[in-house]
Structure formats: C-alpha cells, structure tokens
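Undergrad: The following feature annotations were taken from Swiss-Prot:
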TRANSMEM  25-45  transmembrane segment
TRANSMEM  73-93  transmembrane segment
TRANSMEM  98-118  transmembrane segment
TRANSMEM  139-159  transmembrane segment
TRANSMEM  168-188  transmembrane segment
TRANSMEM  200-220  transmembrane segment
TRANSMEM  237-257  transmembrane segment
TRANSMEM  264-284  transmembrane segment
TRANSMEM  289-309  transmembrane segment
TRANSMEM  339-359  transmembrane segment
Amino acid sequence: MLLELARWLQQLESLFGLFNYLTFRGILAALTALFLSLWMGPAVIRKLAQFKGGQPIRQDGPQTHFSKAGTPTMGGSLILLTVTLSVLLWGDLRNRYVWLVLAVMICFGAIGWYDDWIKIVRRDPNGLKSRWKYLLQSIFGLAAGLFLYYTADVPAAITFYIPMFKAIALPLAGVSFVVIAYFWIVGFSNAVNLTDGLDGLAIMPTVLVACALGVFAYASGNVVFAEYLKIPLIPGAGELIIICSAIAGAGLGFLWFNTYPAMVFMGDIGALSLGAVLGTVAVIVRQELVLVIMGGVFVIETLSVMIQVASFKLTGKRVFRMAPIHHHFELKGWPEPRVIVRFWIISVVLVLIGLATLKVR
C-alpha cells in the first residue's frame with residue numbers, strides 16, 4: 001500500500017511543484033482570505049454587536065451619519081485574522097520580510113484595538129489620546145525601520161529611488177533611512193485611518209494599492225524582471241506578494257459587509273494596521289514615492305486635515321466645510337455613495353499611473 005501511495009504521489013509531483021510559484025500561492029492566498037472573510041464575517045459581526053457599542057458618531061458631522069449609530073465597529077479584526085491565517089498557510093515562513101510585515105500589522109492593529117475599545121467603553125469619539133497613539137506608532141515604526149536597515153543584505157535595499165528617473169539612486173545613511181521608513185509607515189497608517197470615514201471608502205483603495213504593491217514586490221524579487229524594468233532587486237521581496245494578495249482577498253471579503261449601508265465598520269484596528277502594512281511594503285521594495293502616487297486618496301485626505309487645521313489656527317477660517325475632505329463633499333450635498341465611488345475611481349486612476357512607472361524611464 002505504501003508503495004502504491006508513493007507511486008501516486010510521484011504522479012502528482014508536477015501538481016505539488018505549483019506551490020513553488022509565487023503567483024500561484026498569491027492567488028491561493030487571496031482566495032483563502034476572501035472565503036474565510038465571507039465565512040467568518042457574519043459570526044464576527046454578531047460577536048461585535050454583543051458589545052452594544054458601535055462607532056461613536058461625531059456630533060458636528062453630516063446629519064446622515066446619525067443613522068449609523070449602533071453599527072458594530074472593530075471589523076478590522078476580521079481582516080487581520082484572515083490575512084494572518086492565509087499568510088501562515090501559503091507564505092514562506094523562512095522569509096524575514098513576511099514576519100516583519102505580519103509583526104507590523106499586528107502591532108499597529110493592537111494600537112487600533114485599544115483605541116476602538118476606549119471609544120466603545122467610554123463612548124469617546126476621540127479614543128486613545130493622540131500623544132500615546134503617536135508614541136506607540138513611533139516605537140513600532142522606528143523598530144521596523146531599524147530592522148530593515150540592519151538586515152539589509154544588498155545596497156539597493158537602503159537606496160532611495162525616484163520613479164521615472166531610474167538612473168537617480170540616492171544611498172541612504174542609517175538615520176535618513178530609518179526616518180523615511182518611520183514617516184512612511186506611521187504616515188500611511190494615519191492616512192488610511194483618516195480616510196476610513198465612509199462605508200467602504202478606505203478598504204477599496206487599500207485593496208487596489210495592495211494589489212499594485214504585490215506587482216512591485218514580485219518584480220523586485222525576480223532577477224529577470226528587476227533587470228528588465230530597471231527597478232531595485234531586493235532578494236526575498238517577492239514573497240510579499242502573498243501578504244499583498246491576502247490583504248486584497250480579505251479586503252474584498254470585508255467590503256461585502258462594509259459596503260453602503262455598512263453592516264460593520266473597520267475601526268482603527270483595521271485602518272491603522274493596513275496603512276502601516278502598505279507603508280512597510282513600499283519601504284521594503286523601495287517604492288516610497290510610487291506609494292504616494294497610488295495612495296493619492298489617502299494623501300489628499302491627510303493634506304485636507306493639515307490644511308484645515310493650519311488655516312484655522314493662522315486665520316481663524318476653514319478652507320473646507322469639514323475635514324477630512326470626504327465630509328466636505330457630503331456637506332455640499334453629495335450622497336455618500338457618490339463620494340465613495342468617485343474616490344474609488346480616483347484610486348483606480350492613480351494606481352494605474354503608479355503601475356505605469358514600471359515602464360516609464
């Protein structure tokens with residue numbers, strides 16, 4: 001019987017060989033995360049609803065948002081769970097980048113979980129005090145930057161590149177590299193969090209950007225593609241396509257429940273962690289500026305808040321009716337679904353522009 005089993009397995013050698021292909025495992029990671037999200041989603045939402053404390057609604061926000069009171073939050077826990085399970089199942093667990101990105105996701109997710117918990121228990125829309133939130137984010141962001149710098153095994157891994165000007169390469173010293181890594185990880189963590197103010201607004205751009213970063217990761221880890229496209233070759237970076245694919249699958253699964261009108265909100269546990277992951281992957285594959293392009297919706301949302309605060313402090317006047325800017329359009333009379341879909345369209349265009357930089361030289 002064992003001989004027959006051995007012969008049968010030998011016939012399946014070509015099938016098992018498929019698992020050596022990153023693209024194949026990436027597809028499986030996405031599908032696994034997607035189906036896990038769809039399967040576990042209803043149970044997770046019911047569990048979150050038992051807290052009897054949905055996302056607190058801003059009293060100065062659009063009147064239409066008061067109908068959202070009581071909607072369960074912390075739905076990002078579903079994303080983190082399904083992404084982690086999918087990556088552990090399909091990822092190469094010998095790859096240091098896989099463990100780093102998972103660690104960043106979990107650490108920033110823990111900050112978001114505590115922030116959400118305060119909002120629910122204390123009914124405080126502000127959640128965790130900003131200084132403590134930024135302190136924890138800074139600790140984890142700096143730790144990730146230091147890890148990447150001291151484990152870099154090729155000069156390209158600590159060199160700053162400018163898209164479309166691929167002959168320009170700026171070697172980074174320790175401090176400058178860590179500072180850039182810190183700002184991108186912490187910055188995009190907060191940028192995604194600011195964007196997460198309407199049903200499905202943040203998760204779809206996150207899915208799109210994750211897919212594009214997966215393409216960059218795959219190309220950066222492949223000698224042939226990296227040379228042909230004139231992008232930095234980062235050994236081991238290709239494995240990040242598994243994480244990016246898992247995020248895309250989990251994000252689509254979450255969107256099934258988060259689309260307007262939302263059955264559950266992502267909460268800070270999802271927004272902070274996903275933004276940090278996008279920033280970390282961009283730093284690893286040396287595509288920081290491309291992330292600024294592809295994640296333009298997140299950047300615009302963040303800039304709108306900065307402009308609003310600066311204008312009010314300097315002149316006492318507001319530039320926008322309300323910040324982040326998606327609320328400005330709501331107060332102008334745009335229905336929420338219109339704001340959401342138009343921001344999605346902008347994200348699609350920006351992601352395509354970012355992908356085009358692969359060929360533009």
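Using N, Cα and C of the backbone, Cβ positions are placed for all residues, glycine too.
Could you place these features in context, so I can see how deep they sit and what lies close by?
TA: Long-range Cβ contacts of the transmembrane segment (25-45) within its own chain (Cβ-Cβ under 8 Å, at least 6 residues beyond either end) map to 19, 72, 75, 77-79, 81-83, 85-87, 89-91, 214, 218, 241-250, 252-254, 256-257, 263-264.
For the transmembrane segment (139-159), the list of distant contacts is 96, 100, 103-104, 107-108, 111, 169-172, 174, 177-182, 185-186, 189, 232-235, 276, 280, 283-284, 286: same-chain residues at least six beyond its ends, Cβ to Cβ under 8 Å.
Distant neighbours of the transmembrane segment (168-188): 104, 134, 137-138, 140-142, 144-146, 148-149, 155-156, 158-162, 275-276, 278-280, 282-283, 288, 291, 295, 298, 302; these residues of the same chain sit at least 6 beyond its ends, with a Cβ under 8 Å from one of its Cβ atoms.
Using a Cβ-Cβ cut-off under 8 Å and counting only residues 6 or more beyond its ends in the same chain, the transmembrane segment (237-257) has close neighbours at 22-23, 25-27, 29-38, 41, 45, 75-76, 78-79, 82-83, 86-87, 90-92, 95, 97-98, 101-102, 200, 203-204, 206-207, 210-211, 213-215, 217-218, 220-222, 263-264, 266, 270, 274, 277, 281, 284-285.
Within the chain, the transmembrane segment (264-284) has long-range Cβ neighbours (under 8 A, six or more residues past its boundaries) at 41, 44-45, 48, 54-55, 71-80, 97, 100-101, 104-109, 111-113, 115-116, 127, 137, 140-141, 144-145, 148, 157, 180-181, 184-193, 195-196, 202-203, 206, 209-210, 213, 217, 234, 237, 240, 243-244, 247, 251, 254, 257-258, 290-291, 295, 298.
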Undergrad: Same chain, outside the transmembrane segment (98-118) by at least 6, Cβ under 8 Å from its Cβ: which residues?
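TA: Sequence-distant neighbours of the transmembrane segment (98-118): 73-74, 76-77, 80, 83-84, 87, 91-92, 124, 127-128, 133, 136-137, 140, 144, 147-148, 185, 189, 193, 239-240, 242-243, 267-277, 280-281, 284.
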Undergrad: Against which stretches of its own chain does the transmembrane segment (200-220) lie, if we need a Cβ under 8 Å and a gap of at least six residues from its ends?
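TA: Residues 22-23, 26, 192, 226, 229, 231-234, 237-241, 244-245, 247-248, 251-252, 254-255, 258-260, 262, 266, 270-271, 274-275, 277-278, 281-282, 284-287, 290-291, 294-295, 297-298, 326, 339-340, 343-344, 347-348, 351, 354-355, 358.
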